Amino acid sequence: MPIRIPDQLPAADVLRTENIFVMSETRAASQEIRPLRVLILNLMPKKIETETQFLRLLSNSPLQVNVELLRIDDRPSKNTPTEHLDNFYRQFEMVKNRNFDGLIITGAPLGLVQFEDVIYWDHLKTIMEWAKSHVTSTLYVCWAAQAGLKLLYDLPKKTRKEKLSGVYHHRIHKPYHPVLRGFDDSFLAPHSRYADFSPEYLAEHTDLDILATSDDAGVYLATTKDKRNVFVTGHPEYDPHTLHNEYIRDLGEGMEPAIPVNYYPNDNPDNPPIASWRSHGHLLFSNWLNYCVYQQTPYDLDHFSEEAFTKDE
């Protein structure tokens, strides 16, 4: 089934060229089906690039998904046209009285910034708190995972000395967990972060189900028992060249970044990178939509109730 997005959203043309089924709002309105409502809080600077990446992963599901885009505040963006934000993004005040099946909170380039120094930290806390009573399942990605763990478990920020960048091997720990259905025992996924997610630390200080870890990258995937909060510390949504673009950017800014691990053939940045994580990313999002959202959400979102959710796996 397709994703439903505004007809004029730039991502629509990109996805159609990839033979991804994008349904127009007009056609979707004629179907007698209750689509899933998914809200994306986009915290990344290059919003058009990021929204396209997430929409691509949401499209690979038998479920019809209505996607709405949310911005954290009304400050002008240096990397996204104001017209685009005005046309396709909503303010929190416009959605706070509604319920959603799913919420995705993207990463943000704030790895070395303390939470209290993030200009929109209080607003982000408000949205995360709101999600508890208005969203069936929330997916926290990269920096958002660290922010979510701070809000839900009051975990302090832990930072690596060197940035983690590259494509890392991971192994699964609960093969029968719904979020892991269809996963290989070992899989690859990209990381680009300073945050440190130690399996031992999370196991000691939270009751999370730790689903996948890496010897080098730490915890990659974890969920609360009720699957209403899913934490992904990497970037399964990344395009093949995203890590490359970040590497070139950091070089241009006079930094001395390490070459992303297991990314360029022969570790040579002159060689085009190979996307070895694409199938994993699609499966992860498909499982989240099916088992954490669709199987748990009420048919009538107007009668949303936290007590209605089962905690069975």
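If you go along the chain as it appears here, the first residue is 1 and each next one adds 1.
Cβ coordinates come from backbone N, Cα and C, glycine included.
Note that the structure is predicted; figures quoted are calculated from it, not measured.
These come from Swiss-Prot:
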- CYS142: active site, acyl-thioester intermediate (ACT_SITE)
- HIS235: active site, proton acceptor (ACT_SITE)
- GLU237: active site (ACT_SITE)
- LYS163, SER192, ARG249: substrate binding site (BINDING)
- GLY111: site 'Important for acyl-CoA specificity' (SITE)
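Locations of recorded Swiss-Prot features on the structure.
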| residue | record | DSSP class |
| --- | --- | --- |
| GLY111 | site 'Important for acyl-CoA specificity' | coil |
| CYS142 | active site, acyl-thioester intermediate | coil |
| LYS163 | substrate binding site | strand |
| SER192 | substrate binding site | strand |
| HIS235 | active site, proton acceptor | coil |
| ARG249 | substrate binding site | helix |
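The substrate-binding residues named in the record, LYS163, SER192, ARG249, extend over a maximum Cα to Cα distance of 14 Å. Reported as a whole number, the C-alpha separation between GLY111 (site 'Important for acyl-CoA specificity') and ARG249 (substrate binding site) equals 16 Å. If you take the Cα of the residue listed as 'active site, acyl-thioester intermediate' and the Cα of the residue listed as 'active site', they are about 11 angstrom apart, rounded to a whole number. Same-chain residues that are not part of LYS163, SER192, ARG249 yet have a Cβ within 8 Å of the Cβ center of the substrate site turn out to be SER165, LEU243, GLU246, TYR247, ASP250, PRO257. Taking Cβ-Cβ distances under 8 Å and a sequence separation of 6 or more, the neighbours of GLU237 (active site) in its chain are THR50, GLN53, PHE54, ARG56, LEU57, VAL141, GLY281.
Looking at LYS163 (substrate binding site) and the residue listed as 'active site, proton acceptor', their Cα atoms lie 14 Å from each other.
When the recorded positions LYS163, HIS235, ARG249 are compared by the number of other CB atoms within 10 angstroms of each CB, ARG249 has the fewest.
For SER192 (substrate binding site), the Cβ neighbour count at a 10 Å cut-off comes to 21, with all displayed protein chains included. Cα to Cα, SER192 (substrate binding site) and HIS235 (active site, proton acceptor) are separated by 7 Å.
In this view, GLY111 (site 'Important for acyl-CoA specificity') is surrounded by 18 other Cβ atoms within 10 Å of its Cβ, with every protein chain counted.
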